[in-house]
């Protein structure tokens with residue numbers, strides 16, 4: 001026989017820490033009170049609304065509530081919403097039992113089963129806890145009598161007399177099911193929450209939940225493996241009984257483990273006191289060192305004070321002697337009364353020297369000692385930082401490393417890290433960062449706690465370098481700081497746009513993805529036919545595409561990636577008053593040498609070609625970046641060819657008329673030129689042959705920040 005009070009731990013809701021009330025079974029098989037589920041979901045939705053797109057992938061919140069807000073649930077229920085409106089927009093539920101985000105599906109709370117078995121056990125526990133409190137009859141006239149039975153069909157309790165009156169012999173009510181006095185009334189038939197008029201008669205082995213025949217025929221369980229309810233009942237009961245019998249047979253082993261755990265508890269207490277004593281001794285040593293340094297500093301200040309006071313006192317006495325009838329002046333006045341020349345000269349010579357010194361000091365008065373003690377200011381900035389990092393270091397906690405390839409600086413900073421051993425031994429991470437500024441003497445780190453291995457940081461200054469470091473914490477134990485990584489922000493605010501699929505877009509040669517963030521050129525028959533018509537020369541056609549948003553003023557930056565297989569890509573900007581020339585310039589020359597009419601090979605056409613273009617573009621291709629031929633460019637062709645960065649950035653400064661091309665990985669400027677910004681400027685791209693360009697995605701919550709910041 002099971003002692004009902006011995007299973008109290010299994011009857012506590014993990015959210016409110018109280019006995020279950022109408023528990024619901026989550027898809028992860030944990031149980032939570034119905035009201036707790038509602039409260040957590042609404043809190044979760046509010047957090048999501050407050051965080052918005054700025055939330056940056058902290059793990060999902062582990063919401064702990066002391067008790068569900070009954071008033072709030074009732075207030076929402078009375079507001080006239082339909083049943084489905086009680087389910088928030090978010091179908092994710094942070095389970096307080098397993099600490100994971102559980103998908104509740106489209107129906108949300110309405111799709112969860114009520115755990116009547118657990119509810120019955122909780123009611124038996126409550127009855128055992130209040131055995132002295134009787135359940136009274138619901139139908140007796142005052143004073144009510146103690147009930148003797150409860151009707152499960154009527155959901156009411158009766159004394160013997162009232163039960164006979166309300167369940168007369170020979171009627172349908174006489175066939176109602178009755179049990180001993182209880183306050184827990186459960187339905188006789190379990191109905192499907194998806195199809196409320198259907199009873200569950202099957203068990204889905206994939207989802208591990210009861211279903212009805214409509215769920216199997218056309219619902220979400222159509223392709224799942226199901227079994228009959230009786231078979232599932234028999235199978236699960238046999239498995240559960242077998243497992244319980246096994247545990248009971250291992251009772252001696254369990255008791256041995258309990259004894260061992262009791263010893264470990266006592267040993268933990270002993271070692272706890274020892275650890276506290278060692279920690280106390282360590283801090284006492286530090287305190288002793290500080291006290292010694294404090295005493296030495298105070299002694300030095302006191303000695304300096306005495307010396308300065310002595311000097312100032314002496315100087316004050318000397319000046320006191322300069323007053324009439326006092327000190328030196330009074331003595332000199334007495335010497336002047338001497339009438340004997342030889343005696344006067346003998347005394348007055350030395351006295352005159354002293355009077356002259358006093359006169360000079362009076363003209364240029366200067367205190368004999370300083371009153372400030374600036375030399376005795378203790379600089380504790382470095383020591384304060386070290387003491388701030390004072391914690392329990394453990395060799396078992398791995399030092400995280402910031403992954404520079406996965407980290408990204410764009411519209412926001414995405415910082416990712418990992419542990420060398422690929423094991424997540426830390427419970428939480430602390431990420432620190434600061435702006436590198438040569439003018440500041442002291443470094444002030446900004447700190448943020450993260451539950452995952454990545455963090456999005458907003459509000460960083462443009463065109464600035466930041467240092468980042470991270471450490472892991474497991475309880476009060478922390479790892480050493482990781483190696484500092486320096487990343488640079490873009491030179492200007494990030495400009496967002498998509499490829500324009502209307503203005504000049506050639507759908508025969510170019511292929512856009514549905515989101516208009518990638519474009520690919522089709523090197524097909526049109527290019528071959530165009531080349532076939534040209535017997536001499538290398539005339540080919542570039543297919544142009546521009547951004548759907550223009551820039552009229554200010555400084556802006558955007559980035560993109562060029563596929564490594566791309567043969568020829570041109571990137572830059574074009575003015576609104578020159579777009580027509582861009583798309584009507586059908587014969588773009590990639591190399592005008594050996595032209596039919598030129599008759600000679602000359603490089604002069606290159607310069608003429610570059611200067612005559614109605615737009616500013618640079619050439620990319622074959623994993624190379626080609627610096628345009630300009631008077632300021634190097635004469636050696638090899639020095640004008642650079643490796644193509646994985647991600648290329650463009651910075652347009654309309655106010656200064658400057659266009660810069662950057663390695664977006666390290667924000668290093670590769671090439672800068674002047675550009676005419678008289679009109680609205682649009683990002684421009686040109687592709688030929690097999691080539692593809694992908695616009696860089698902005699750093700948003702999709703980068704894994706969602707579960708951290710909400």
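Each residue, glycine too, has its Cβ placed from N, Cα and C.
Features of the protein shown, as given by TrEMBL:
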{"type": "REGION", "residues": "51-92", "note": "region 'Disordered'"}
{"type": "COMPBIAS", "residues": "53-70", "note": "compositional bias 'Polar residues'"}
{"type": "DOMAIN", "residues": "187-229", "note": "domain 'B box-type'"}
{"type": "COILED", "residues": "258-292", "note": "coiled coil"}
{"type": "DOMAIN", "residues": "336-393", "note": "domain 'COS'"}
{"type": "DOMAIN", "residues": "399-492", "note": "domain 'Fibronectin type-III'"}
{"type": "DOMAIN", "residues": "477-708", "note": "domain 'B30.2/SPRY'"}
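Remote same-chain residues near the domain 'B box-type' (187-229) are listed as 25, 27, 29, 105, 107, 110-113, 116, 152-153, 177, 235 (criterion: CB distance under 8 Å, separation of at least six residues from the stretch ends).
Across the domain 'B box-type' (187-229), DSSP assigns 7 helix, 11 strand, 25 coil. Break the domain 'COS' (336-393) down by DSSP state and the numbers are 34 helix, 2 strand, 22 coil. The average pLDDT the prediction assigns to the domain 'COS' (336-393) is 77. When the domain 'Fibronectin type-III' (399-492) is classified with DSSP, helix, strand and coil residues number 0 helix, 43 strand, 51 coil.
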